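J.: Heads up, here are the entries from TrEMBL:
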type     : residues : note
SIGNAL   : 1-27     : signal peptide
DOMAIN   : 37-122   : domain 'Inhibitor I9'
DOMAIN   : 148-606  : domain 'Peptidase S8/S53'
ACT_SITE : Asp156   : active site, charge relay system
ACT_SITE : His229   : active site, charge relay system
DOMAIN   : 388-477  : domain 'PA'
ACT_SITE : Ser562   : active site, charge relay system
DOMAIN   : 677-774  : domain 'Subtilisin-like protease fibronectin type-III'
Amino acid sequence: MGGINPVKWWLFLYLSTYLTINNIALSSTNNGVSKKTYIVHMDITAIPTTFTDHVSWYSSLVKSVAVPLDDFNEEEEEERVMYTYQSAFHGMAARLSEEEAERLEDQNGVVSVLPEVRYELHTTRSPMFLGLEPQDSTSVWTDKLTDHDVVVGVLDTGIWPESQSFNDTGFTPVPAHWRGGCEVGRGFEKRHCNKKIVGARAFYRGYEAATGNINEEKEYKSPRDQDGHGTHTAATVAGSPVHGANLLGYAYGTARGMSPGARIAAYKVCWTGGCFSSDILSAVDKAVTDGVNVMSISLGGGVSSYHRDSLSIAAFGAMEKGILISCSAGNGGPDPVSLTNVSPWITTVGASTMDRDFPGSVKLGSGAMLKGVSLYKGRRNLSPKMMYPVVYTGSNSSSPDPGSLCLEGTLDPHVVSGKIVICDRGISPRVQKGQVVKQAGGIGMILSNTAANGEELVADCHLLPAVAVGEKEGRAIKQYAMTGRNPTANLAFYGTKIGIKPSPVVAAFSSRGPNFLSLEVLKPDLVAPGVNILAAWTGDMGPSSLETDRRRVAFNILSGTSMSCPHVSGVAALLKARHPEWSPAAIKSALMTTAYIHDNTYHPLHDSSTGGLSSPYDHGAGHINPSKAVDPGLIYDIGPQDYFDFLCTQGLTRIQLMVFAKYSNRTCHHSLSGPSDLNYPAISVVFPEDKRVSSLTVHRTVTNVGPPLSKYHVVVSEFKGVNVKVEPSTLNFTKKYQKLSYKVTFTTKTRQTAPQSGALIWKDGVHRVRSPVILTWLSPL
């Protein structure tokens, strides 16, 4: 148990506007009226008897509100309704003027009309680090398990089918339940799908409506991945083993996905100008129809209330069909309240480090040697026998300014030519700073963290000799460069090192809680490897993703919650294969209650940004532990109606709830006394401002998925200023899948100014079912 930095509750009010998704301003003009894309949610039960199908009904509704009415023609009608949705939820994406959108919202059967939203991508040793390498025949992940028929849908930038990570040698035929297709287009043919890549589709109508037609000479208007991000995430989820994988000699070994026997369905929803909600929703809708079992979505677009978040609504519909949705938490850390994808029915994944690193060093003319990281491997090597002049163009060693960020056009060749240049992180991509240095005549770069990044080190495949260093080292180097007489330095690179301690550590960039929409639902759910991850890469882009990079590699090393999300998606696919009867909530519960919160030095998990201890707002339930998750003992199951009843506690109107009701017969059962009673694997209790409320009780129900005869006893943390009582304190199971309930009462002795964290653990001598517990006292604004 430990205290957490005090939460400034006024911050929530400020961030509610700051984090709310910005609507897309891009629009087109037709007949002199500006039009944008809107997502229209429909109540399918309201379809008039005069219509035989929903498509004609939707077209008729759009036609009825068109302005001016007499200018509406058949050609425009085709363009107006861009997508219809019918599997994850009911509705359409349509091009409307603001006036038309307002008029449409008043029509019978229309539940809500939401503006198009732009999402951004949240940019191999991990299987071994996670204990997934079958070391011997007793491994829980046997070879037979790799013959399973679980399909993971990856919503991203597409796929590079030639990669050896998608080799289907030895695979059984495509699963009988798979109903998806293999769409063809430039650079992508039917033959590119196989028994590993069972489906591939591209979605671009929303993107083109907002940005104009795709230039097919420069971008593949097909499932082929030009960017590399989608290939990397798909290979991380379910890549086939590739021996001798490496990036320019770094991270040499066997690359394999978390679930190498799973099938992949690639849904290309992201393009050079971003990812648009109408396309993403169409992909989710199609994936449900196609028959995916897990969806991996490494992108996000800020936070909006549940009923106005179309991805959340679509994910709810997918969950109803038994599909687990895994999403990245975002790269907004270490700022608090920076999470995206926070709905309880979504598995929200933060990022952590592994025990592998790519060390480099900076040697100063003063004799000081400072450690850093790098993935540089090129011809422009610096002589180890020489020292080179070093320069810092900033004005202050402790905070960045325009002169220190090495932005395009800011470096004077007369000042930096022939020198190693110190650049501060921020604003522009890290590798782009190196390109700016190179173009200005610099011979090397020292990339310095700022306070926002702390001591976290992210390795990059730079275009010139470059080493990234932490904030403290960077400050020392900058101080030397600014005050030393004829300052000099040299850079060295040491390849790949494993066994790094401590690890894992929560990544500084990983988005943090608390969950602004519902403090009673702890987010992120857990963390997984997301720093310096090796996986397959596109053949169309260099490892730095810069246009000037002419290098081509089969594998690349990337960092981001985009990388941690597919780790969880792949492990979820393994659990689905082992336990096909488990619901999405059961799989999530198994992942959360078996997660660990200690590093490989047996100390509590640390936070990269501060160097101090991380909290559940940073790491959620902890770090994913696949070998334990396969046999969790107990699970906290949650059905669609339970989630709906949670929404009923969120102050939504009947109309707002209807977007989740899907069918008119889903109503509030009022089974929860409050949001804290959702049967979530984590427990978050919020004491209101009213000081008279000193005692709160939450209820949970666990399902026995272990031995039929099992007896569990509870262990709960001591909390500062709070008494905790669990009733009953023992649970006696007599059969498998039996459900037993318990309640936890928290009684405040002294209200605390900072949230308090701890855990509630059920033990039977074999299993350890851990729920993180966080207590928060709201103070008057």
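Note that Cβ sites are derived from N, Cα and C of the backbone, with glycine treated the same way.
Just so you know, TrEMBL annotations are computer predictions that nobody has curated.
Mind mapping these onto the model and telling me what they sit next to?
T.: Across all of the domain 'Peptidase S8/S53' (148-606), the predicted model scores a mean pLDDT of 93.
For His229 (active site, charge relay system), other Cβ atoms within 10 Å of its Cβ number 27.
As a summary of secondary structure, the domain 'PA' (388-477) carries 21 helix, 21 strand, 48 coil according to DSSP.
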J.: Run through the domain 'Subtilisin-like protease fibronectin type-III' (677-774) and tell me, per DSSP, how many residues are helix, strand and coil.
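T.: Final tally across the stretch: 1 helix, 58 strand, 39 coil.
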J.: Could you count the residues of the domain 'Inhibitor I9' (37-122) that DSSP puts in helix, in strand and in coil?
T.: 33 helix, 28 strand, 25 coil
J.: Which whole-number value in Å describes the distance between the Cα atoms of His229 (active site, charge relay system) and Asp156 (active site, charge relay system)?
T.: 7
J.: Rounded to the nearest Å, what's the C-alpha distance separating Asp156 (active site, charge relay system) and Ser562 (active site, charge relay system)? Just drop the number here, would you?
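T.: Distance between the two Cα atoms comes out at 10 Å.
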